[in-house]
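A.B. asks: One structure is given below, represented as structure tokens, and several questions about it will come after.
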Amino acid sequence: MIYQSPTIQVELLEDNIARLCFNAEGSVNKFDRETLNSLNDALDALAQTQGVKGLMLTSGKDAFIVGADITEFLGLFAQDDNVLQGWLEDANKVFNKLEDLPFPTISAIKGFALGGGCETILATDLRIADTSARIGLPETKLGIIPGFGGTVRLPRVIGADNALEWITTGKDQRPEAALKVGAIDAVVAPELLETAACQMLQDAISEKIDWQARRQRKLSPLTLPKLEAMMSFATAKGMVFKVAGKHYPAPMAVVEVIEKAALSERAEALQVEHQAFIKLAKTDVAKALIGIFLNDQLVKGKAKKAAKQAQAVNSAAVLGAGIMGGGIAYQSASKGTPIVMKDINQAALDLGLNEAAKLLTAQINRGRSTPAKMAGVLNNITATLDYNALKQADVVVEAVVEHPKVKATVLAEVEQVVGEDAIITSNTSTISINLLAKSLQKPERFCGMHFFNPVHKMPLVEVIRGEHSSEETVASVVAYAAKMGKTPIVVNDCPGFFVNRVLFPYFAGFSGLLEDGADFAAIDKVMEKQFGWPMGPAYLLDVVGLDTGHHAQAVMAEGFPDRMAKEGKDAIDVMFEADRFGQKNGKGFYQYSVDRRGKPKKEVDPLSYELLGNAFGEQKEFSSDEIIARTMIPMIIETVRCLEEGIIATPAEADMGLVYGLGFPPFRGGVFRYLDTLGVANFVALADQYAHLGGLYQVTDKMRELAATNGSYYPA
């Protein structure tokens, strides 16, 4: 044994090839300080070992290295620039040391080699992967750029254009795609990986492969003609800005760094990378995006914990077919849980099956599935008109029409059919879980399971705990949602649950602006372009359906009359009463036609302005700041109320619910991250300026206490 630590072991194999194995004590290899220090020591030990002719890097885990330990590095990001600069320089000395070894090196890659893992393999001369490998630099998704030489080495290995695409998108690449552009040198079956790596290394040792020329290319400036370089980077800037926009600076920084370092050798190019990394690490966007990553880990960790106390879900059922039922059936079946789809109407069953088939066909067209896989998924969906087909279901999802009496009747009927241990859930968006539980003999085996439309696209599922729901029931439904590929958050029962409860105060703020003469299209523009929502409130209401919004608004007003009850008609009432329901009937705030691809196309409709003008009088202009304040303050305060009342357990889960359920701008991190960025005291002062607008603008006593102590919702 040449070297051994808790994270790395180095041994000398036959033919004087050294094998360096990353093998941390946890379930995966990450680049933390301990691993980085161990790698440095291991390389020193190798340099002092006589007779070593080559080095193979490998992993003792299913994945090579999944990336940096973000939790550890967050503390570094808060340090002074010179401290961060020193850390980057020290870390990069280790990767340079690997790259400068006096013999050829190869990485044998299985599973994920992401972030720092990808930067490690780029520092070796050769790279071979098995069929399970996934390679990439996802740092831009966290609001930063690679910091261990990724922007320097990757362009010199695969060319500037390919590197720009890899790094700016942050997507991980399959081995076939990596081989095509030259990021790796071969792909082999998993059982052949290390044997093939040793053989390739032998070819380098015997100079059949010119490893020194490969290495020199990574140390030198990019070989791009000047005119071609100018055109390439100019085009990249335009394309990246179009996709990333002004709110996400990291992808554009990647283009600028690679361009600036193109004519430099390694040392100078790394300095360019370091400076950009430090600048981005200090931004609110990086804090927000890293926060989302950590919150996502927390929510997934809770789901894994729930799975340990959950009963197994080997078969499921959905009551009510159609688009929603078909979407739920598709999601369950495609993730391996067979499902029965029950309806009282054959036409609805056909619609549900067609929805599943349509989604599967789209996967085939994108190259993400095959006809054989499609057949397998469809075989996992059983359509039926007969309740008896549900007898074996471990979990039933009720997804019939949003009417309390209909749901109560269906739930009572299904309880008579399913097994003693079956769990029944309701996919309701507005009806109290405690109310529906009254129709059941075993309310402890019942909870809410609120999917968002369209089911296949929206990652969130709200699991609603009723007052009688058992912990095993909730845990089992959380585990089933996670098995379906969804992100489940547990919320306690209340009108609107969590997501809709905080959404409707936002709509109320929007309606208040319209009553005061604001232009809904101007509001949408501000909320989309400046605040960062994927859709402004008028457009979102049209997509949700103004009839649906009208009904949900009434539920919220009944549940929270002190602040959500209305005086007189608002804009939603005006549209609803004019039979303008949004996209579903081609007219809402906007009017809709169908484009060439069959998608709804939004256009301004003078009639909607006429209706609003008749109801509320002349239009007035409002500043962007006022539009943002009047729409966002009610949502933010209601989100805080949900935390204070225990409707949602943590700021992290609230923020994930908002990002995944509503499309809250990720670069702002969610309501609680946004509050911490603004400063709670600053927000309270802002809200107080609008307190005269009513109960939705009144901050809570606890918020005032937090503001007085300069507190925050996340640890500083």
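Using N, Cα and C of the backbone, Cβ positions are placed for all residues, glycine too.
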A.B. asks: Determine which of Asn295, Asn453, Asn492, Asn585 appears in Swiss-Prot for the same NAD(+) site as Met324, Asp343, Val400, Val401, Glu402, Lys407, Ser429.
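C.D. replies: Swiss-Prot lists Met324, Asp343, Val400, Val401, Glu402, Lys407, Ser429 binding NAD(+), and from Asn295, Asn453, Asn492, Asn585 it also lists Asn453.
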A.B. asks: Distance between Lys407 (NAD(+) binding site) and Glu119 (site 'Important for catalytic activity') at the Cα atoms, whole Å?
C.D. replies: 54
A.B. asks: What mean pLDDT score does the region 'Enoyl-CoA hydratase/isomerase' (1-189) have in the model?
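C.D. replies: Mean pLDDT, the region 'Enoyl-CoA hydratase/isomerase' (1-189): 96.
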A.B. asks: Counting across all protein chains present, how many other Cβ atoms fall within 10 Å of the Cβ of Tyr660 (substrate binding site)?
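C.D. replies: Total other Cβ atoms inside 10 Å, all chains included: 24.
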A.B. asks: Find, among the binding-site residues listed as Met324, Val400, Val401, the one whose Cβ has the highest number of other Cβ atoms within 10 Å in the structure shown.
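C.D. replies: That would be Val400, with the most Cβ atoms nearby.
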A.B. asks: List the same-chain residues at least 6 positions away in sequence whose Cβ sits under 8 Å from the Cβ of Glu139 (site 'Important for catalytic activity'), in sequence order, or say none.
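C.D. replies: Spatial neighbours, sequence-distant, of Glu139 (site 'Important for catalytic activity'): Gly115, Ile145, Pro146, Gly147, Gly150, Ile167, Gly170, Ala250.
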A.B. asks: Given the recorded positions Glu119, Met324, Ser429, Asn453, tell me which ones have a C-alpha lying within 10 Å of the C-alpha of Asn500 (substrate binding site).
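C.D. replies: Within 10 Å of Asn500 (substrate binding site): Ser429.
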